[in-house]
Structure formats: structure tokens, C-alpha cells
Amino acid sequence: SQVSVEEESQNPPAVGHWKPLMPSRGDREEPESGCQDAGGVHEPQSTEQLNVSRLRSSSVEIREKGSEFLRDELHKAQKELKLKDKECERLSKVREQLEQELEELTASLFEEAHKMVREANTKQAAAEKQLREARGKIDMLQAEVTALKTLVITSTPSSPNRQLHPQLQSPSKAGFRKGHGRNKSTSSAMVSAASQNVAPEPASRECKEVDSILFAEFQAWKESPTLDKSCSFLDRIYREDVGPCLDFTKQELSELVRVAVEQNTLTIEPVASQTVPVGKVAAEECGGPKKCALSGLPRTCKHRIMLGDSGNYYYISPSCRARITAVCNFFTYIRYIQQGLVRQDVELMFWEVMRLRREMSLAKLGFYPSEM
């Protein structure tokens, strides 16, 4: 600004008097007088020019300062705009990330909801199936309880029903069993001699006496009935009756039969009632109508067994069936006692247990009814 002032002071602009467009007479004479007074007017004109130059320099300086201020403000605004752009970009990225996470969370929630619905449907189907099975078992147990009540009412150890127990009938009524035939001439002679010389006598009643040890063990078990064979009552029966009765030649299959009897999952059915399944097990394992799967001996097998829901059938001889049935009858009766379905005197229940033990012993020795 100082340089511009000096230049302007060195080269002063031409400043003169204003000349009107239409000069008058007095104006024509002014130059002469101006020329005369030129030496006196020069000094005020230079002062005026200096003031004008100063005004011009100050205005230029003001413009420069204003432009610098505006440039600074512009730079500040640009910086703030860049910061805001970066913040907007960051916020947009955060928004996209949140939207993606929200979509993933929504998808996972829907998937979890569908999974829970599927599990609920599966549990509901299983519960309905268990309900149907439970109702079927209840119906079966009610039928068994009714039959047991009938058996208890009509047959007791002191006065057994001989129609329900044909083995207790007298020889004259029961006759000779099949499979134990004798020589016809000898047997007819013995029968005729007996009919001539000996009068028919009533069948003698059994004499019974309670064993104190066995009865004490049964009473202790009756206080808290359980199927755990570690108690003294069941441990003795397992050792003396159940174990020997279910001890067959085929040891592996015998163990499976014992477990199925204990778990009440063994099924016995006549051979003629169902068709023989194909491709289940080998013929040597399941036996056949002419071979027993438990003893391995050639016998006529009228029944077969199935262990649980395996679908494998095993043909068994009448003797093996009698042994298995005797053990099943024992377990059924003690289950009834455990469930509180038998309401008898302790001594009557004890003698029923002893009768079932006797059936197991007889079946182990090879005695079985002819209808087997």
C-alpha cells in the first residue's frame, strides 16, 4: 500500500477545474485569472490529492483484509464440511452394519422359532403316543386285576379251585397225561383190579408248614416291596428258582430271555397265529417248528417268543415255554403285590409265592401240563 501511495504521489493524476458545457463570459476570463493565481492554488490541490490517495490505499487494504478473512472463513467451512462428510460416511456405515445385524438377528429368531415349533410338535406327538400306550396298559392292567380278583376269590392256597388248577385233580378225574402212556394191557389190568378190590377214596389234602426263615424274608420284603434282587427275599428266589429255571443250553439267548422277563418285555405267541418273518435272524439262532432255539434239541415247537420290540422270533419247545411261563407268573404276582393290587393276608400271599416257586421247580425238572 505504501508503494502504491508513492507511485501515485510521483505520478499525480491530472486534476483541473470542472468545465461547464456551455461556457459563460465570466468563465472565459477565468483562465487568465487562474493563470495569474497558479502559484497560490497549487498547494491546496496537492493536499487534496494526498487525501484521495490515502482513501484509495485504505480501501484497497480493507478489500485485501476482507478477502483474506473470507478466504479463511471459506477454508474453515470447507474443513467443517469435510468433517461432516466423514461423519456422515461413518454414520452410514454404522447404519448399514446395524441393518445387517438386524436382518441376521431376525433370521436367527425366525429359525429358532421354527425349531421350537418343530420340537414342540415332536414332543406333542411323543406325548400323545405315550398317552395312548399308557391307556392301553391301563386297560390291560384293569383286565389283569379283574382276572386276578376272580382267581383270588375262587382259588386260595387253602382251598384251591381245581377247575383252574387241573394238576390238583384226582387221578380218576384227570386220567393219564399225554406223553406218559403205558402198556395198554398192563394199565387196563391195573385199573380193573383197582376197581374190583379198592374203593375210591377222596383226594388227600396237602399238609403245609410255614418256614420261619422264608416267611421272615417275605415279611421284610412286603414292608417295602421292590424288584431289586439285592434284597434277601428275591436274592434267594433268583438263586434257587429263577436262575436255574431260565438256565438253558444257549447261554447268550438265555440271558436275553431273563432280562426280557425281568423288564416285562417278552412276548409268547402260538406259531400258527403269525407268519414267520423272513430275513430277521439265521435259522440256527431262531430254531424252527422242529428245533428249539433255547435247548438246541429237535422238538416240536408250538410257540415262539419275541424279546422286546426287536422283531426277532425264537421257536421254543413246550418244556422251555413252561419254564418261561412259570417265571413270568412269579414276576407278575410280585408286581401286583408291589403295586398294591393284592389285598390278602400276608400268609396267604406267602403261600401263593411258594406255589409259584414250586411251579418253577417242577418246570425246571421237566414237568409241564399236557396243554403246553
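Cβ coordinates are placed from backbone N, Cα and C, and glycine is handled just like the others.
Just so you know, TrEMBL annotations are computer predictions that nobody has curated.
Pulled from TrEMBL, these are the features on record:
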REGION    1-58  region 'Disordered'
COMPBIAS  44-58  compositional bias 'Polar residues'
DOMAIN    65-149  domain 'GDP/GTP exchange factor Sec2 N-terminal'
COILED    67-151  coiled coil
REGION    156-202  region 'Disordered'
COMPBIAS  156-172  compositional bias 'Polar residues'
COMPBIAS  184-198  compositional bias 'Polar residues'
DSSP helix/strand/coil residue counts for the domain 'GDP/GTP exchange factor Sec2 N-terminal' (65-149): 85 helix, 0 strand, 0 coil
Mean per-residue pLDDT computed across the coiled coil (67-151): 89
